[in-house]
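Colleague: Before we start, here is the structure in question, set down as structure tokens.
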Amino acid sequence: MLHPKLGRVMNVVYYHSVAFALMSTTLRIRSCRKCLRLEKVSRAYTIYSFFVGIFLFLNLYFMVPRIMEEGYMKYNIVLQWNFFVTLFLRAIAVMGCYGTLWVKRHEIIQLYKYSLIYWKRFGHIMKAIVDKKELLDLQASLSRIMVRKIILLYSAFLCSTVLQYQLLSVINQQILLAFCARLTHFLHLLCVKMGFFGVLVLLNHQFLVIHLAINALHGRQARKKWKVLRSVADMHLKTLRLARRIFDMFDIANATVFINMFMTTINILYHAVQYSNSTIKSNGYGIVVGNGLIVFNFWGTLALMEMLDRVVTSCNNTGQQLRQLSDLPKVGSKMQRELDDFTMQLRQNRLVYKICGIVELDKPACLNYIGSILSNVIILMQFDLRRQRQPIKDRQYLIHLIKNKTRM
């Protein structure tokens, strides 16, 4: 059972991923039956994926025009180095993303097949346990969340496009080619983040459905509760393993996304500093769009962190829902055994998201992430202050020399 709104939103995410070859193969979507099928691995799409990856990688060459000679970066060495670091990280992101898709292609296709089998198996079970209205309300709320994320991503993209166009000092074929290459990479990063959002929304949906199933056990007959609870426990374990499998399989690709988000935010804030001290000239319209870009970029970063934290929390907080069953006055021996097994399973299996198996991404890590961005921007501002003081010292030295010559 799938709410039509959530199905349409997931179709939008799917077609964005297909357009930028972020799928190892295509899925056949049948809207009349409201189901997904993986019937045949598309060789044409594999070739298409290869050419898209090569195209994005070669696009990096065209992102370096004569901007260092004619653009606003001409006299700012910090902006130039930031640009080259961003370019290097974009190259790593392209290689990490498409390298994962090519190297782990067969594993990802098996993951698709396993996910479809999982969805069909537990879909029928949840349809028999969970109240239909509650399930549709949950899916409708998740569809609204996903729509807001898509709007947020495109708002940041539009603000960035407008500012990038305003920063063009001269317009010629080479500059426009570099501008289009940048937009292509912005769209690629947008689609990657949208796909990540979509996966997190689906995982969050499954864990919240498990919560609804546990709550629904209160109104069921005592003789059938232990069987239903065993099915719910099995679904939770399979969902947990599926989440771990997804996180592990796309670990490198997701790590490159977070690194690029980190560098992009630093660049945006440092450009804002340049606008504020009039190093980069702009009008009122550009300032409004720039402030919008800062807001949407930070909002998008926090939204991604918050969605990831929702998935981890909804998985690890299942035990709190299970305690409600333990408080029931009459619990049979079979039911008590299933409760004990489920509780032990929850204690031994907790979901944790780590970047490259090193950094655990949770709320404190999110605050450290934001703090590191601000610290790096402050460090870059010190170079600006030093660069601004240097001409003043040179001017004072020249005045001093002129005075000494006049006295002689």
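All residue numbers here begin at 1 and follow the chain in the order shown.
Every residue gets a Cβ built from N, Cα and C, even glycine.
TrEMBL lists 12-29, 41-63, 83-103, 151-175, 195-217, 252-273, 285-304 with the feature transmembrane segment.
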Colleague: Is the transmembrane segment (83-103) in contact with the transmembrane segment (195-217), using at least 3 Cβ pairs under 8 Å (sequence separation of 6 or more) as the test?
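Modeller: Result for the transmembrane segment (195-217) with the transmembrane segment (83-103) is no.
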Colleague: I need to check the long-range neighbours of the transmembrane segment (83-103): which residues 6 or more away from its ends have a CB within less than 8 Å of a CB in the stretch?
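Modeller: Non-local partners: 21-24, 49-50, 52-53, 56-57, 60, 63-64, 67, 73, 185, 188-189, 192, 249-250, 252-253, 255-257, 259-260, 263-264, 267.
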Colleague: Tally Cβ pairs under 8 Å between the transmembrane segment (285-304) and each listed stretch (12-29, 41-63, 151-175), then give the stretch with the top tally.
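Modeller: By Cβ pairs under 8 Å, 151-175 leads among 12-29, 41-63, 151-175.
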Colleague: Honestly, do the transmembrane segment (41-63) and the transmembrane segment (151-175) touch, with at least three Cβ pairs under 8 Å and pairs 6 or more apart in sequence?
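Modeller: These two stretches do not touch.
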